[in-house]
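Enquirer: When I checked TrEMBL for this same protein, it listed these features:
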type	residues	note
COILED	A:596-634	coiled coil
COMPBIAS	A:432-445	compositional bias 'Low complexity'
COMPBIAS	A:674-707	compositional bias 'Low complexity'
DOMAIN	A:353-405	domain 'HAMP'
DOMAIN	A:410-625	domain 'Methyl-accepting transducer'
REGION	A:418-445	region 'Disordered'
REGION	A:667-718	region 'Disordered'
SIGNAL	A:1-26	signal peptide
TRANSMEM	A:333-353	transmembrane segment
Amino acid sequence: MRLTIKTKLIASFAVILTLTAGSGYMAMQSLQDANEDFHQFVSGPFAQVQTSRAMRESLTDVRRLVNRAYITNDLAERAKYVEAFDTRIAELEAYREQLLSHVDDASREQHASLTADMAEFADTARRALELSNAADSEAPGTVLEATEQVFTAFLADAARLSEGLRNLGEPSADSGQGVHSAAPMRDLVRALSLAETVSTSAMTARISTIDAAARPSPEHTRAQVEHAEQQVAAVEAALAELKAIPLVSRNFMALVPDLNTSWTAALAVLRAQLDSALELREYAALEMLSKGLLPVSERLDGQLAQISNDSDAAAAAKSAETEASYVQMRNKLVAIVLAAIAIGAAAALWMAISISRGLNRSVKAAEAIGRGDLTTELDARGADEIGDLMRAMKAMTENLRRIVGDVISSSGQVAAGSQQSSATAEQLSQGSTEQAAATEEASAAMEQMAANIRQNAENAAQTEKIAGQASLNAEKTGKAVANSVDAMRTIADKIQIVQEIARQTDLLALNAAIEAARAGQHGKGFAVVASEVRKLAERSQLASTEIGELSASTLGISEEAGRMLQDLVPDIQRTAELVGEISAACREQNAGAEQINQAIQQLDEVTQQNAAAANEMSATAEQLSAQAAMLNERAGFFVLSRDAAAATTPAAARSEDELDRQMQTEMAGRASRKPAAAPVKRAAAKVRPAQSGPAAEGGFDLDLGAAGDEGGFERLSA
Amino acid sequence: MQTTTATTLGQDYLTIALDEDIFALPVATVREVLDPPPMTRVPFAPAHVPGLVNVRGNVMPLLDLRTRFGMAAAEDRETTRLIVTHVDRPGDPFLVGLRADAVYEVIDIAQGALRPAPPGSTRWPAALMQGVIQRGDRYVIVLDLAEIVAADAARPQ
């Protein structure tokens, strides 16, 4: 394959530019990838982390709200909490939506549990909130307040009974009555004890009730409620027993129903509180908070934390991946740039070295040629332009060598040839003289011939005149014949008249004969006359018939003669024309003979000029010989080969001998083969004197192709 | 041309021709010989009397001898002539023009030379001829004009 400098340059630049473009494209691609990764990071893991954190906060808020709702008893505050709870739950839903919208399809199933947990959490939290709202955080206080009034009234009643009994037992001055007997005394003590029991049991039942509400635990509450029921049963029993004691019923007729009434009221309140305590609302709320809401929220939180962690992990992975790709891309870019630099430097170095080396060799070769040294053998290598230049230089050297060799040998040939041509010129001069004598003889013969031709022309002209006259006469004769034909026709017509007259005469003579016959003897003489007339008429008719036949035959002959004459006239005219042409040809021939005569005279002149020119040519040939020697000397400037440089002169002499022989054979061949070459030489000799000036200055050229004068020769010989 | 001898006592005849046959008419009946004048055709006339001719003011019937003798009718030729004859019918003389192919001459026939035609010697109807005259090596048939015209009157065709 041919590797030119152009190809090399184009190839190396193309490689470098391609590498640069490739590195730029890759850098741009990498930047674009990084940008996309960043965008994905912002909208993916980062957002998820943010959202899950916010969800976790919201989760905590919800739980706090439920706890606060449980703790407080204020209805307005609770309503506020419910409102806040709804807001939080909506927020959580929104966060969930946001979170799941950033999740790809693969992990969407994984996050299905999150949705379920979310729903469960919302449900549980709402129930916990409702239970918390229903619970009474200050239940003992409430029970205390609720039972305060009725129990105070009942205890007051009981206290009044006890007071009354004590007063009954002490000997009083004012009444004088007292219980001084042993049975009443025992009843009184019994009543007092029962009254004490009523108060104490009532108090205890109340305390148990309060205690049942104070500690929300089913066992404790049930134990306290049972204890309170026992105390109530004790109060009931004591009251029944008390009523059964006559002393009491007798002495305190009004007080016992009061006591019963207040007890009934207190018991109703107490039972309501006990029933309320047995409902265990606080306990349920607490249960829901601790066992329902807490695990769900913790699970959800755990999931959210997991999502957050996953996102963190994904972000970390993404970051690591980006880092890795950055490093890879940087390495690639560095490698490409390094490769481009290396290739560029190598190509530049390679081309610079190859160009400068080749050019140096070419310059050396050119200097050698300038000195005339054609011996240098150039080593043409390489497939590039420098190689082309080297090859061209080599070809030039070889061509120069060949041309100079040719010039040297040609100059030798010219020298030999000029000597040969000198001899030939002398021969030519002699021949020209002989030619001049022959030409004069030809001229004399030609003049004789011209005179004959002129005589011919004159005769022909005369013949032409005669022929024209004959033609005219023939035409006239034709007309005359036609006239005579017409006359013959007239004669024939007239003869018919004569015939008619003869017939009429015959008829008349017949009638006369008839008349004569009818006249009988008297008409005998007339009959003879009539007969004679009739004979005359018959004779004249016969004669006229003969004349008619004769004239008819004459008419036919005359018409035949007229036709023949008409046929003859064109022939005569044609003859006249031909004679005219002959006459014209004779005149032309005469002119041609004159021209030939002139030409022969010119030929004579030219022949004499040729003789002179041949002499001049001889001199010129000698000059040419001298010029050839000079040319040989000039051409010796070039050294063709180191061996031949010393032996130039013998070689030239040898080649001259060979050339002489060659020239002689060539000239002999030309003289025998081509006599027509003489005019060419003459033309060359004619040109010579005009150019002898420039020839003396060291150079001349022979215009062998000049054909200006040869035209004359061709015209004359034609 | 025959020469007429006036020495013999006899009767003069005018010789005429129909085709090659020569006939003779007594000169006494002949008035004139003419070139045939233009004829005026008469409708429903008999074939041998085709029309009338005007000869110098006299109108007369034209009788074609050829047709009369049963020969084929022919056109006029150069020698065709009209012979004006006088028919001397008693009490009713009239002129009639006879058309003949040629008229030759007046001849003088000696008495006794006229002989009756030998029966069967001629193809012509015998009623129309007076006799035959030998003249040289030929016979001349002498026509009976009265018969010719009379026959015409008696047997109109």
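Quick reminder: no glycine exception, Cβ is built from N, Cα and C everywhere.
Help me picture these features in the structure, burial and contacts included.
Expert: Broken down by DSSP into helix, strand and coil, the compositional bias 'Low complexity' (A:432-445) contains 14 helix, 0 strand, 0 coil.
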Enquirer: Other than its close neighbours in sequence, what residues sit by the compositional bias 'Low complexity' (A:432-445), given a CB gap under 8 Å and a spacing of at least six beyond its ends?
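Expert: Non-local partners: 597, 600-601, 603-604, 607-608, 610-611, 614.
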Enquirer: Give the residue counts of the domain 'HAMP' (A:353-405) per reduced DSSP state, in the order helix, strand, coil.
Expert: 39 helix, 1 strand, 13 coil
Enquirer: Using a Cβ cut-off of under 8 Å, list the residues of the same chain at least 6 residues beyond the signal peptide (A:1-26) that approach it.
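Expert: Beyond its ends, the signal peptide (A:1-26) has Cβ neighbours at 329, 332-333, 336-337, 339-340, 343-344, 347-348, 350-351, 355, 383-386.
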